[in-house]
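Structure first, then comments.
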Amino acid sequence: MPLTPPAEPDPEPKMNWASFYAVISGVNRHSTGIGRIWLSVLFIFRILVLVVAAESVWGDEKSGFTCNTQQPGCNSVCYDHFFPISHIRLWALQLILVSTPALLVAMHVAHRRHVDKRIYKLSGRTNPKDLEQIKSQKMKITGALWWTYVISLLFRVIFEVTFMYLFYMIYPGYKMIRLVKCDSYPCPNTVDCFVSRPTEKTVFTVFMLAVSGVCILLNIAEVVFLVGKVCSKHLHDAGDTSMGAWIQQKLRLL
Amino acid sequence: CLYLRTEWALSSGQGGSSVHTNAGRGPSPASSPPFSFSVSRARRVNPCSGRRSGSCCPSVRMSWPALYAQLVGANRHSTSLGKIWLSVLFVFRVMVLMVAAETVWGDEQSDFVCNTLQPGCENVCYDQFFPVSHIRLWCLQLVFVAAPTLLVSMYVAYRNHGDKKKLLENSSRTGFLSSRSPEEELEALKRRRLPITGPLWWTYFISVVAKLLIEVGFMYALHVVYDGFRMPRLVQCDQWPCPNLVDCFISRPTEKTIFTVFMATASSICMVLNGAELAYLVTKAITRSLCRKKDGTLTSREKTWRGTNERSPGSLRCCN
């Protein structure tokens, strides 16, 4: 059995995010243009930054957390009191949960393809080329798929906002402080505890927050775009009715 | 280092396997694909970085993408609920385990601190309160839960093998009967999706029951070993060689509690999906047998055609 030297510090998390990317990017084909931009922003500015930079900043968060006492256990207890859950884990959970609604859309597309295949077969067309074409054609975002897509977008926004709120609750002001004072048992009295790399952590927290805000805006823009598309389609179809013509006339005057 | 770093690779690309234990070397002959198992001595991994002690880092690392590749192949013959179950398993359990939980538990032994200088006391107390780490329990749970699906893919492979032999015998005996060449027929055989009827139904049913029992078993084991899903901050220990009752402090207890609850919730969702899948399979079987009674006048040729060509027998279609 060959003993291979470690190639790089930890390739496993990158590999796992890479396989996650492979799963999620399959949905990309059925997204709108804004949806594809959102996916790129997610992977470049959030997952990549998390894996390449943020994880090494938070790598020594516990070992570098030092309290001004020799009392065994005081360090652990104070760390646990001020950091119930680390930023890195919260961001990883946020990214996983925010990407999950896209899988809903993928399942709906797969279901629709399955139904289309059955219809083809029942109508007698069993040419393998036709069936392959069904697999590769891009689905139009209409009907029930439109509703699934919009619901998935709304869920994304809800998850993002929830996590931003959680961050705010656990780490007020999104700022990482240099010094915390702790008096939990077994610390003998109020001891000073020092956080490692507070400024760097604040910079990354603000960056990830800003990108999260951009993603929320992109999702809202996508919802508005989809709703606008449907409304304009309806107006166009209703153009020959008197109401539709009246609305179109008013819109032209604006 | 007290622990071994174990690498499991469930892919046929891996070569032979050999097993080295801490006590001595005992290489075993290469196992047949798709399973191969190799154990290497401990080496530094990322959770060790920045640690004061600088000791070796024990961890069990799975080649999860290889397992995913195996299971996705079996996924084609699953029901829709089975496919949802697989997505929940990989996104909410395997991903979270690999990306987040392993780093939280990375320093569980090195940062387990007891209020004493007595050598050996920390080791003994850690061993008493953590007989099996959460991470290892979850890894084992995920591996065991994924195993019954491989049963289904083995059965499908066996069936395809039998059909392939029949096809080759027929084409060699009687020449070309259909418009397609034997290669195309074989390809179609490989790509076809078998309907979940007959022995495949029983295999699938047993695999889902096994998954459910394994999930329940592991949840119960976790609850019993750790007395609930909560991780306390402080434990008191008086095992020899600790001089008297000492306080021992666990590292990151709140974060560990959060992840334990999260994984327990994901496990419960999977159990609910398995239960729903069982109910669906049983309902489908009952409606199919009712339809069969009504269609009792079908000729045997029509029955055979229906048995091999039905994509997904609708619940009441055959009764129309």
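Cβ coordinates are placed from backbone N, Cα and C, and glycine is handled just like the others.
Annotated compositional bias 'Polar residues' per TrEMBL: B:12-21, in sequence order.
Summarising the annotation, TrEMBL assigns compositional bias 'Low complexity' to B:24-38.
Residues or ranges marked as domain 'Connexin N-terminal' by TrEMBL: B:103-136.
What TrEMBL records for B:214-281 is domain 'Connexin cysteine-rich'. With helix defined as DSSP H, G or I and strand as E or B, the domain 'Connexin cysteine-rich' (B:214-281) counts 41 helix, 8 strand, 19 coil.
According to TrEMBL, the feature region 'Disordered' maps to B:12-38.
The transmembrane segment annotation in TrEMBL covers B:84-101 (among others).
Sequence annotations record features per position, and here TrEMBL assigns transmembrane segment to B:135-158 (among others).
According to TrEMBL, the transmembrane segment annotation covers B:200-222 (among others). With a threshold of 8 Å between CB atoms, the same-chain residues lying at least 6 positions outside the transmembrane segment (B:200-222) that come near it are 77-78, 82, 134, 137, 140-141, 144-145, 147-149, 151-152, 155-156, 159, 194, 229, 260, 264, 267-268, 270-271, 274-275, 277-278, 281-282, 285.
Marked as transmembrane segment by TrEMBL: B:258-283 (among others). Sequence-distant contacts of the transmembrane segment (B:258-283) (same chain, at least 6 residues past either end, Cβ-Cβ under 8 Å): 79, 81-82, 84-85, 88-89, 92-93, 96-97, 100-101, 104, 134, 138, 141, 145, 196, 201, 204-205, 208-209, 211-212, 215-216, 218-219, 222, 226, 229-231, 315.
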Residue counts in helix (H, G, I), strand (E, B) and coil for the domain 'Connexin N-terminal' (B:103-136), per DSSP?
14 helix, 2 strand, 18 coil
Need one number: mean pLDDT over the domain 'Connexin N-terminal' (B:103-136).
90
